[in-house]
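Just below is one structure, and these are the notes that go with it.
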Amino acid sequence: MKKMDNTAAGSWTPDDNPTPPTVKNSCHPNLKTSCSSIVSTVRFLASLSFAYFAKALSGSYMKSTITQLERRFDIPSYLIGIIDGSFEVGNLLVIAFVSYFGAKLHRPKIIAIGCVLMSFGTFLIAMPHFLIGRYKIETSVRWSVNSTNNLSPCPASSPESTRAGDSPSLLNSRGCERESSVSMWIYVLLGNILRGIGETPVQPLGISYIDDYAQTENAALYIGCVQTISIIGPVFGYLLGSLCAKIYVDIGYVDLETLTITPGDARWVGAWWLGYLIAGTITLMSAVPFWFLPKSLPMPVDKHDSSCTPEQTRFIKDSPTMEHKFRPEEPANLHQMAKEFVPTLKSLLGNPVYVTFLCVTIIQFNSLIGMVTYKPKYIEQHYGQSASKANFLMGMINIPAVALGMFSGGVVMKKYKLGIMGAAKFAFGTSLLGFLLSLFFFAMGCENSKVAGVTVSYTGVEGLSYQEQSLFSECNSGCLCSRRDWDPVCGENGITYVSPCLAGCSSSTGSGKYTVFANCSCVALPDTQQVNLTASLGQCPRSDSCDKVFPYFLALSVLSSFIISLGGTPGFMLLVRCIRPELKCFALGIYSLATRTFAGIPAPIYFGAIIDTTCLKWGNKMCGGRGACRIYNTSAYRTLYLGLTLGLRTASFFLCYPGFALLKRHIKMEEKNALTNGSAELESLRKEENSSKHCEQFIPASDCIPDRETCL
């Protein structure tokens, strides 16, 4: 009778309904919740994509201004590498704590704070322009005070005279002392560090947020979209760099008609500061949407279900089911989180697949970061292109190929449902094919520019080993020339001379960039006795053979970049899926920490230092000391730059073989554990059901069913 009363009251019995209503509602959310989850995920995806765009825009613009910063602050390439690597230093300072603690706090608001810090750092980089004086061009051309004619570029000398510029100038002005007392590039360094600190939470917190709340089958596509947007950012960054490089640094304060240099000159400095103001404003705008996003989103239906695919259970030690993947949110306990930090780190680093993948990525990132950082400079120096054109080509040709490759990789992974091993093989195959194609870059070289006294003799003989004394010859022995100047002129014979004085020119006509030097005793046409010809400002253009090979270089660069980037998204998903889900955010943070520490920081420095060894002629600071490099040994530059890039990739391939072996063994182990634990759990559930039926004979079913908040 008691049993019938309970039944009439709506109590559940095994015969009435095999599934408890509370469990059913917990496992299967209604359609409204599912739609809300999708809409909220798309909102966050759009906000994160804009943040990725903003940070990629400012980061690529920084790389596009490398040669501009070198010339403006008169610093070598290795120092530029330090400035570029300071961004990673900022990440290094806080990334481990942000990725660990941030995962349990309000992730969207932490990302918003990071975007604000990034914008302030970008504005700080532009500050030196407003603190230092106008840019002074290193030139040997002197103007007469009382007439429109230039003074003779070849002042007479006597045997007792010393070479001008061989000793430091005794006329250091107050302005020179003030400028040399403070290194303004320090502001750029500090601003870049602040940018790095602000960028820290965007990737680990943003990607983990998407993977937590997006539907499982859409996670890879969403991440691929975000990564694609992050590649589109550099397109606009390099285009912005191209535009600013065309504008003179002191635009509005200098009469451009009086300039003696063009954008293709090694001394030209564009309006580098303008782009940082624009990028900082865009980054500040990207912070706004995150302030209005919730701490968590509605859980999609598939992540409430007890069933899980092999991809979801694989690589989850001691937890073959999904019961621990999505835990109910608990209030943040900073003390407990700090206490678990070291054990969590040990658990993560105890995963051999993760550690091997991390080592391979670090080596390949050394190659990638070093190559990308100095690629515009390589195009400038090796193929004789201006900074503006080099940046334009990077933005309009190379970067879109990378974006298309990243997106295509995500589509391929979704369409063919690539597992962990399939993703690893696909990433390795594309990387290897891209490496083989890159070997052809060695055959696409140009000869050294013909510069008298630097790469060729004054008679045109090539293979000259540069020394300062080799700048002087009998043809300019009657002139009091400085060996420190770099004011190149192009003779009618196709040879570049370091200065009009060293070309033996005794007169000039015209003004600004249209100045023409006449009666140049060192200029002579081949196979003729004609001398005393003219020379014009600027270096002589590259040979026709170099112009012909340049389009092939661009085509191969686009193709190899596309193929290599195809494996980007599968490789990133391999990283996400090879660890326990509760360690996912922390693993992404350690991944970023390791790649920035061992690749992002050192790669630009040692790449820049190696490039510096190929410099043939250094510029000079106004107050004395070595400035930026004016001309490089083209052949040595190509060999070292490409050799180091491809050598690092070769080293990474040697780690791939043991990596595949570990991955294969780990997959078999996890599948075996999943089958064993799954059978044990099924048997446990059967015993529980039998126990419930037996219990129903004596007590109400509602008192016998165990309380569950989630489904197994």
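Heads up, the Cβ atoms here are built off N, Cα and C, so glycines get one too.
Automatic, uncurated: that is what TrEMBL annotation is.
Straight from TrEMBL, the features:
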| type | residues | note |
| --- | --- | --- |
| REGION | 1-25 | region 'Disordered' |
| COMPBIAS | 8-25 | compositional bias 'Polar residues' |
| DOMAIN | 44-651 | domain 'Major facilitator superfamily (MFS) profile' |
| TRANSMEM | 78-98 | transmembrane segment |
| TRANSMEM | 110-132 | transmembrane segment |
| REGION | 150-172 | region 'Disordered' |
| TRANSMEM | 219-240 | transmembrane segment |
| TRANSMEM | 273-293 | transmembrane segment |
| TRANSMEM | 353-372 | transmembrane segment |
| TRANSMEM | 392-412 | transmembrane segment |
| TRANSMEM | 424-444 | transmembrane segment |
| DOMAIN | 469-524 | domain 'Kazal-like' |
| TRANSMEM | 549-576 | transmembrane segment |
| TRANSMEM | 588-611 | transmembrane segment |
| TRANSMEM | 640-663 | transmembrane segment |
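When each of the listed stretches 78-98, 110-132, 353-372, 549-576 is scored by C-beta pairs under 8 angstroms to the transmembrane segment (588-611), 78-98 comes out highest. Below 8 A, the CB atoms of the transmembrane segment (392-412) and the transmembrane segment (549-576) form 3+ pairs separated by six or more positions in the chain. Long-range contacts of the transmembrane segment (273-293) within the same chain: residues 43-44, 46-47, 50-51, 53-55, 57-58, 61, 64-65, 108-109, 111-116, 118-120, 122-123, 125-126, 128-130, 237, 240-241, 243-244, 247, 249, each at least 6 residues beyond the stretch ends and with a Cβ under 8 Å from a Cβ of the stretch. Note on the domain 'Major facilitator superfamily (MFS) profile' (44-651): its mean pLDDT in the predicted model is 80. Per DSSP, the secondary structure of the domain 'Kazal-like' (469-524) breaks down as 9 helix, 14 strand, 33 coil.
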